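Below is one structure, written out as structure tokens; comments come after it.
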């Protein structure tokens, strides 16, 4: 009937499930043990960015700050070796930026410029963390309702499982590598939800169609057919998205680096999960032809739901 | 005939694209770096001679400028780049002195015909243009406390006029009021009286230790009302203060239940801005206590006398008027060159002042400066550092002068320390007092050079990503790739148009959102094209394959995009700051990409292949 090559995706489903579970366990374990390295947006504190004309000696800067009484200051380069980022624990003082600049300027031949000076209260961070988490839960719930309504409850379980899988693994990677988790990364995480959802829905859509169209009722085979048919699209879309994300990661500057990294990981995991997690969940839930037959329409008819 | 849109459909799509093009166009005209001039007082008007004087001083200092103009807000001078803009600001400030406000600004260069259509460029967020961001928290507890204090005196007066003898009216720690009576029948009478007159009170009676009590709590709705009032009053006051700073396009906005966001683009001196905005100062005018006055009716405050020596002044507890009765205030110098503030009061304030001073000639009147401040302490609770804010009120006497004659609605305050102090005091009195104290929760400064760099990197990465996608689509789908690329480009134009029309603010995460949209927008076309390829493989003829491809893919695209849109809208509703900026671009991007990928691509495909016999598709 079709010349489409069918790959035996589901042949590997047990291995894939094992891999997913292993990754999830590592992520959860790392989140429990290491936690996330929350950025300034969440912890509160002061952040000062200073521009140098020539590359400074980082250790020298640290010593200078230490002797001036800023014991907890973290000094690192930001993007280029002449841009220095200084982070310190809570200190509510608008003059801090100028004071630090003065401290660094002393004994320095070159002219330094204060590029950024932020004070962020920790209380806000806590609230945002709660709100961000709450937003994510609400988003997941709404998606579940929509998918259950448009498809079928089993599909919505599959989609949400895939989403939770992707979000947890991205968080896990950030936890294992101890990358800074700030608000832009949170935004990226939410974008991962959007992307992964997009992918999963496209695959689910084809699965639904094939359950109704194909005579076969072996769900594993239908998964294989559906995944093979959508494979081209899945790879092309992931590839174009990855292309722009790489442009963003390489050329976008330090301030959105975390954002780009989180999305890069998210898109890779999301592509994998749309193939293995969602379809796997459907098989485990025992999806069958009867689940998807619209009762009011005659059998064998091609169902095209134009909204 | 297959694959042919009717003329009206093509015309409609092209019309929408044209409108999109027009509203996106202003973004092609980059803003000019400019300096805005405005008078610090109403008497200082920016006019042509003044502008000429400024231009002359710029020429003398060898600072080049592009253009100057008079606007309804004052004068505007444009410069070729940010460095000259900063140099120019120095020169102009030096030339004009304190009488004028000189502020950095970005001036749009949108041509008139575009502006007349209501088109304008997207606004740039603080992270892209530099400036100061403050997040302020309004102290709601003290807003409610202040209101309760008013109730205390009201209740006392009411009970007295009804001849109901009470023993005490106290304001308890937990924010409720307590009335103490010695007789239960008087208490019950007071209860029914108060219940009748104050529906916003929740009143309970209580007997203990041989006394009879009423405890009064405010209803939740009343508390909300007081809080809303405090926020609104503070917003107005903050707007006034920000306007006095002369910042172009400031943002003063309520956030949540008790927070206010203030954003001042272009301002670099965060400390000065903070001093003006954060002043929770008010004034109280009181008489100096007579020497034989009882201690219970007086209070003592620090004071620096004429010889600038620390001293103390003892004042009556009763307040004649507060700063909220002040209708205007100007700073100037008296005959001996000392700074002073000339004050005008409103009608009611003038009456009160007149009535009090009539019986108090030769006594001294004090101006008490009241400032709400807070200090932050850090404590370690369960291994975590917790910031604890301890609010306190600082009061000091700034002037203690003998009343020479009966005062009316205008008089002056002398004995101020410096000209700066007098002009700041005048500004604060003009701009009104805050209804409740505010505290700084968050503060961010972004340098203009950093903002510029952010834009450059952002735009560059969008360009690179965009070109990569175009090349890939071209190689993978050939002719259909070309069509998809045209649609993708139009999608970007439409995205900019909608963002500009909504006058959404573009931020760094917003740029990231655009990048992501570019990556994901091709998805719809990829879905359609892979469907067409599939149908061709299944042996359908070219025209039917195109038609089937578009139709079949539609449901998928619709479901996939609606779910993503759902997530984006929730993000927008829940998120703040960067999350919000990102959610806006993502939602708009999804909608425009659905339009361009489905409708526009279909139109292009129809125009290329539709309505004729086609053997082979280049896909």
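Every residue, even glycine, has its Cβ placed from backbone N, Cα and C.
When TrEMBL is compared with the stretches B:418-440, B:510-532, the one noted as transmembrane segment is B:510-532. Range with TrEMBL annotation transmembrane segment, chosen from B:397-416, B:457-476, is B:457-476. The listed stretches are B:457-476, B:483-504, B:553-575, B:581-605; of these, B:581-605 has the most Cβ pairs under 8 Å to the transmembrane segment (B:510-532). Across B:457-476, B:483-504, B:553-575, the stretch most heavily in contact with the transmembrane segment (B:581-605), judged by Cβ pairs under 8 Å, is B:483-504. For the domain 'SecD export protein N-terminal TM' (B:2-104), the model's average pLDDT works out to 84. Only residues 6 or more beyond the boundaries of the transmembrane segment (B:553-575), in the same chain, are considered here, and those with a CB under 8 A from a CB of the stretch are 523-524, 527-528, 531, 582-584, 586-587, 590-591, 593-594, 597-598.
Packing against the transmembrane segment (B:483-504) from elsewhere in the chain are residues 17, 19-24, 26-27, 119-123, 466, 469-470, 473-474, 477, 510, 514, 517-518, 521-522, 525, 529, 584-585, 588-589, 591-593, 595-597, 600-601, 604-605, 608: each is 6 or more residues past its ends and has a CB under 8 Å from a CB in it.
Mapped onto DSSP helix, strand and coil, the domain 'SecD export protein N-terminal TM' (B:2-104) counts 53 helix, 24 strand, 26 coil.
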